[in-house]
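Comments concern the structure below.
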Amino acid sequence: MTEQQPVAVLGGGSFGTAVANLLAENGVPVRQWMRDPAQAEAMRVNRENPRYLKGIRLHDGVEPVNDLLATLQASELVFVALPSSALRSVLAPHAELLRGKGLVSLTKGIEAQSFKLMSQILEEIAPQARIGVLSGPNLSREIAEHALTATVVASEDEKLCQQVQAVLHGRTFRVYASADRFGVELGGALKNVYAIIAGMAVALGMGENTKSMLITRALAEMTRFAVSQGANPMTFLGLAGVGDLIVTCSSPKSRNYQVGYALGEGHSLEEAVNRLGEVAEGVNTLKVLKAKAQEVQVYMPLVAGLHAILFEGRTLNQVIEHLMRAEPKTDVDFISISGFN
């Protein structure tokens, strides 16, 4: 990648726009592609993304575009910030163009039909590409407002990690590296489910002890499931695990938290999602995660409980009561209890 070669950001949402701005602030020319030509034109003219990041000026180095073919041809490093439901359909027709490029997924979701993570879909579409993911406690608006933030880029390709660090690392945005791509990406996808529960708990006025219990048991569930799928449990003690879980489960700026809060206020799921106006990946992830947990026989009572609330008519109070009545287990799965007398 030459100094003047643009970096591509695919997606016109809040996180894609925040990352595009970060790149441009570091002197990197950026082409931000979006499917809606009207959105691209409005962003070009007004230098703002009013639907997703209202009030944040779009850096002059970001060029909103609508031509995907030209964008991919011009860029060797591509950040993919497309909804999980659209990623395959958008990129599969251009598989040949992706050969050899660095593809970094920013999307925290799971494909419903296959239970594949976004980087696995990218790998399937473009097996000759260099694949990575970016994940962590990264609220888009705070990044755009230059709040001090850290993230993780994960890839088996060390040079790709270094390349991402070089273009993204800045005064207010620190980029760490990891080789556990699967664990980092799985942490980012799974925590969205628990943010819905956390938002509901706050709306219903539950105490700090309860919220702390929910977040901690969520981390236990996430780690238990991830290890069953081959991830490193230590990854979940870092930014992409507990870090992302804390911010997503405690901030009203989190989209999945907002959905949970609306549900706790008595809105239907459809009303909660419509009120948000953006994609809340946690709702889609919940369905496939519950099915997968049953398939591989991993104990995930919070996932089962939230599914019962959203799709089976249960209440959060009923789910927590069931959780409290369940047989007590050890606190941390990966610590031996052989020393008990």
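Using the three backbone atoms N, Cα and C, a Cβ is placed for every residue, glycine included.
According to Swiss-Prot, the protein has these features:
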type: ACT_SITE; residues: LYS191; note: active site, proton acceptor
type: BINDING; residues: SER14, PHE15, ARG35, LYS108, SER140, ARG255, VAL279, GLU281; note: NADPH binding site
type: BINDING; residues: LYS108, GLY136, LYS191, ASP244, SER254, ARG255, ASN256; note: sn-glycerol 3-phosphate binding site
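Taking the C-alpha atom of SER14 (NADPH binding site) as reference, the shortest distance to any of the recorded positions LYS191, ASP244, SER254, ASN256 belongs to SER254. Between the alpha carbons (Cα) of ASP244 (sn-glycerol 3-phosphate binding site) and LYS191 (active site, proton acceptor) lies a span of roughly 7 Å. Under 8 Å, Cβ to Cβ, and six or more positions away along its own chain, PHE15 (NADPH binding site) finds ALA81, LEU106, ASN138, SER140, ILE143.
Ranking the binding-site residues ASP244, GLU281 by other CB atoms within 10 A of the CB puts GLU281 at the bottom. A distance of 7 Å separates the Cα atom of ASN256 (sn-glycerol 3-phosphate binding site) from that of GLU281 (NADPH binding site). If you count neighbouring Cβ atoms within 10 Å for each of the recorded positions ARG35, LYS108, LYS191, ARG255, the highest count belongs to LYS191. DSSP assigns GLU281 (NADPH binding site) to a helical segment in the three-state reduction.
Across the residues annotated as binding sn-glycerol 3-phosphate (LYS108, GLY136, LYS191, ASP244, SER254, ARG255, ASN256), the widest Cα-Cα separation comes to 15 Å. For GLY136 (sn-glycerol 3-phosphate binding site), the same-chain residues that are 6 or more apart in sequence and have a Cβ closer than 8 Å to its Cβ are THR149, ALA150, THR151, VAL152, GLY188, LEU239, ALA240, GLY243, ASP244. Taking a C-beta cut-off of under 8 angstroms and a sequence separation of 6 or more, SER254 (sn-glycerol 3-phosphate binding site) has the following same-chain neighbours: LEU139, ALA195, GLY199, VAL247, THR248. For the residue listed as 'active site, proton acceptor' paired with LYS108 (NADPH binding site), the C-alpha to C-alpha distance reads 9 Å. Between the binding-site residues SER14, SER140, ASN256, ASN256 has the most other Cβ atoms inside 10 Å of its own Cβ, all protein chains included.
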